[in-house]
Amino acid sequence: MTTQPRKILVTCALPYANGAIHLGHMLEHIQADIWVRFQRMRGNKIHFVCADDAHGTPIMLNADKLGITPEELIAKAKADHIRDFAGFNISFDNYHSTHSEENKQLTAEIYNKLKANGFIKSKVISQLFDPEKNMFLPDRFVKGTCPKCKAEDQYGDNCEVCASTYSPMDLINPRSAVSGTTPIVKESEHFFFDLPAFEGMLKEWTRSGSLQSEIANKMQEWFESDLQQWDISRDAPYFGFEIPGAKDKFFYVWLDAPIGYMASFKNLCNREGIDFNEFWAEGSDAELYHFIGKDIVYFHSLFWPAMLEGSGYRKPTNVFAHGYVTVDGAKMSKSRGTFIQASTYLNHIDPECLRYYYAAKLNDRIEDLDFNLEDFVQRVNTDIVNKLVNLASRNAGFIAKRFEGKLADKLEDKSLFAEFTAQAEQIAAYYESREYNKTIREIMALTDKANKYIDEKAPWVIAKEEGKEAELQAVCSMGIELFRVLMSYLKPVLPKLAERAETFLQAELRWDNIHQPLLGHTLAPFKALFSRLEKKQIDAVVEETKALFAAANKAAEKTEAKPTALSAVEPIAETITIDDFAKLDMRVAKVLKCEAVPESNKLLRFELDLGDHTRQVFSGIKAAYNKPEELEGRFVIMVANLAPRKMKFGVSEGMILSAGTGGSDLFLLSADSGVTAGMQVK
């Protein structure tokens, strides 16, 4: 531990003010909160801020649909988000909104500096325009077929199947996600940030060790494909900040969103007298860390540091990215009851259970985390209830009844105590590097040793023997001491359990007093510290989630306005001739092997038998089949004469046919019994 406290500012990605907080959000906020709480225990000067991302077309459209103003919508969202984060014991020093005076001023200041320094350009561009809604369509409000891999139902800016990025103008068969109509092309003047001007700086920053290796490697790919000018403006109607000196032009949400980190901190500084420039000025010696999801790495590792550099502010010390949350091996699903909102979870389960489970599986890499519901129950009960809390309860009773709550005046096993406290720096190193899984593994190994000590000493046997009161007190006091050390290590993960432990121990759990035993100390009466997690609680969460989804669907069916036609039955495609159809060679194929592609959220990899040879095919149906191995041995229908397509994860040699609207609503087509691999579909 350094003698001078570190100065640290930590942020989480800003949740969008157009929806509820769910367990995917909570992964990041729990990860960051654990790190922040650890730094506080180490005596560092740390500030932890966040805000709602409160601008953009989706908010404008949703408010209109609900018959309220965007301001009313984001105010309710902010209140809900603050409630949910507090419910999970996320210890923000400030939670603000990008729709704030601080953010408006900082956004204008940064834009004007970039413009004055020659980094803002303007040009007339062609855009997709919804003639029915009389509005230009943002990238995410256009859907169509990917121009690269031909995957259908993809957004206007990137493909979730092949991970390509492109312009909405490049989409095949585009349609408005607002009205369902075919958009037209219109011209408009837009403002662009000159990102290529910062390529040299960004390459140097990438090599500085400021980024996770996965991010640094990804940035090299982006450099190789050439950086592009970044469109930072949007046309009215739009909910956001108007660009200074440009009528009916607004800042794109992704320009003012990261500035929201600064604005939230500025709001905290104004309230508590903190020096804003000490953390944000160019040359600042404070540390700045952003915790984000892997889906927004592009913005945080390219645009954001370039904006800061171009406007005279410091760059982040590091950007920590994490993966997505899956549930029972599949993408979170509303219909299956696994797209769990934070509020739904809190209605039934202690938030510390999720904090512990996430910590036990989190590491410093960009990997998806699977929230396995059965394993969740087992791990919480085994580790926290049966091992950790039981260590305290099995010793506290003897101390209370036989010794009036007073601990022994000396340690029964000094070497064991030294072994436990000697792990403090290793555990601290794991916390520092965000390798929480190693932290938990180390702590639980010590917990097992503590319980083994009690099992071997058997205080319940000693208690029955006359003249062994001192030995009984010493053994049980040792058990309580080991519990205190373990709870000190776990305090960043389980803050509320730590509070209850502090009440029982009548002592504060601090990192700097881990080595100081509570000799001759008096305990408070022991009360239950933690409750078992029951399967029925999980079932209640799943059922409530399903009910919320069903109610939302019912409400959507009743509304007259249909903001999207994407969920309706797709219209019949353009008529083709029999000759066109004859070009397709569809075959029955037997699934020899099926497995998930770990790096993709959508893809399964199939090895197919076509009778006289085998093929590899990638299919974007991962969300619909969370146990891909169960598809092995099944017969499917595939287009066999489709040209092989080179994808990020290998070559796909055909297309497997399925029906549905996408996501988890996809169903493989199959054939009646009696077919054999390679049969042609007539």
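In case you wondered, yes, glycine gets a Cβ from its N, Cα and C as well.
For reference, Swiss-Prot has these:
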- C146, C149, C159, C162: Zn(2+) binding site (BINDING)
- K334: ATP binding site (BINDING)
- 580-682: domain 'tRNA-binding' (DOMAIN)
- 15-25: motif ''HIGH' region' (MOTIF)
- 331-335: motif ''KMSKS' region' (MOTIF)
C-alpha spacing of the residue listed as 'ATP binding site' relative to C149 (Zn(2+) binding site), in angstrom: 28
C159 (Zn(2+) binding site) and the residue listed as 'ATP binding site', distance between Cα atoms, whole Å: 22
Any further residue of that chain within 8 Å (Cβ to the Cβ centroid of C146, C149, C159, C162) of the recorded Zn(2+) site: P147, K148, K150, A151, Q154, E160, V161, A163, S164
Under 8 Å by Cβ from C146 (Zn(2+) binding site), counting only residues of that chain that are 6 or more apart: E152, Q154, C159, V161, C162, S164, Y166, L171, I172
Number of helical, extended and coil residues in the motif ''KMSKS' region' (331-335), per DSSP: 0 helix, 1 strand, 4 coil
Local confidence of the motif ''KMSKS' region' (331-335) - pLDDT mean: 87
